[in-house]
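Trainee: To start, I am sharing the structure in question, which I have written as structure tokens.
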């Protein structure tokens with residue numbers, strides 16, 4: 001009778017560990033690298049109101065009656081993906097704005113991609129406003145009521161930017177897509193590198209119900225938390241061929257348009273959670289903006 005050769009326990013364990021290491025290597029090559037705050041960022045506004053936590057792997061932003069605060073990436077980038085996990089101001093956050101955005105830091109011809117989290121009275125949903133500036137043209141606001149409490153735990157907010165589209169994600173769910181329609185004469189942010197910024201500040205003249213709900217300073221100080229800072233893109237200054245390289249992973253086939261699963265999630269968000277879209281605001285735009293058609 002022939003005997004069957006079974007692998008030894010040691011060989012099984014070694015094979016399993018190698019498989020895990022390969023998966024991890026693939027994951028980090030695709031999804032980027034976690035970093036500490038000071039590795040890629042610097043404080044730009046009120047360093048006394050930004051506190052590092054857990055050896056700099058997380059930070060706390062503070063807003064009080066004296067000041068808000070902000071930080072920015074040390075480099076600018078041309079195309080790629082930026083992502084952070086954020087836990088927003090809890091409780092009565094009306095009048096506060098926590099922003100996470102990319103900006104070309106130019107005046108008249110500005111490019112910018114915005115997440116702005118608009119606080120609210122206790123028990124009301126948090127609203128996230130997105131906006132896109134291209135070649136100095138903005139006023140493209142959309143607002144989504146989040147389907148969870150973003151102050152109860154960390155959630156991942158991501159901006160993917162390539163030659164064909166900009167996609168805003170919340171926990172891998174796309175909430176906004178801005179396509180490159182340059183062929184129709186519509187500007188698209190494609191020439192100017194952008195830095196990554198974040199701020200926590202008072203904006204009770206417009207943030208909550210159009211400024212009707214004012215900030216309650218008796219609830220101050222207000223806190224927001226960040227961790228898992230992740231930037232993958234072409235740094236500027238850097239290799240001049242990077243931004244035009246079709247081999248960059250964010251230019252790959254999987255990122256030229258939403259996947260079928262992402263498209264279904266996107267439709268669900270648009271149908272159930274969008275509360276304002278400049279595309280349908282006939283008072284501001286009697287003629288529908290061309291990129292909305």
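Placed from the backbone N, Cα and C atoms, the Cβ positions cover glycine too.
For reference, TrEMBL lists these features for the protein:
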type	residues	note
ACT_SITE	112	active site, nucleophile
ACT_SITE	116	active site, proton donor
DOMAIN	1-226	domain 'GH16'
CARBOHYD	120	N-linked glycosylation site
SIGNAL	1-32	signal peptide
Trainee: Excluding near sequence neighbours, so keeping only residues 6 or more apart in the same chain, what lies with its CB under 8 A of the residue listed as 'active site, proton donor'?
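Mentor: Looking at Cβ-Cβ distances below 8 Å from the residue listed as 'active site, proton donor', excluding near sequence neighbours, one finds 97, 98, 99, 101, 128, 129, 130, 131.
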Trainee: Suppose we draw a 10 Å sphere around the Cβ of residue 120 (N-linked glycosylation site). How many other Cβ atoms does it contain, all chains included?
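Mentor: That number is 21.
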Trainee: Return the residues near the residue listed as 'active site, nucleophile' by Cβ distance under 8 Å, restricted to its own chain and a separation of at least 6 in sequence.
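Mentor: When sequence neighbours closer than 6 are ignored, the residue listed as 'active site, nucleophile' has 101, 102, 103, 104, 131, 132, 133, 138, 189, 194 within Cβ distance under 8 Å.
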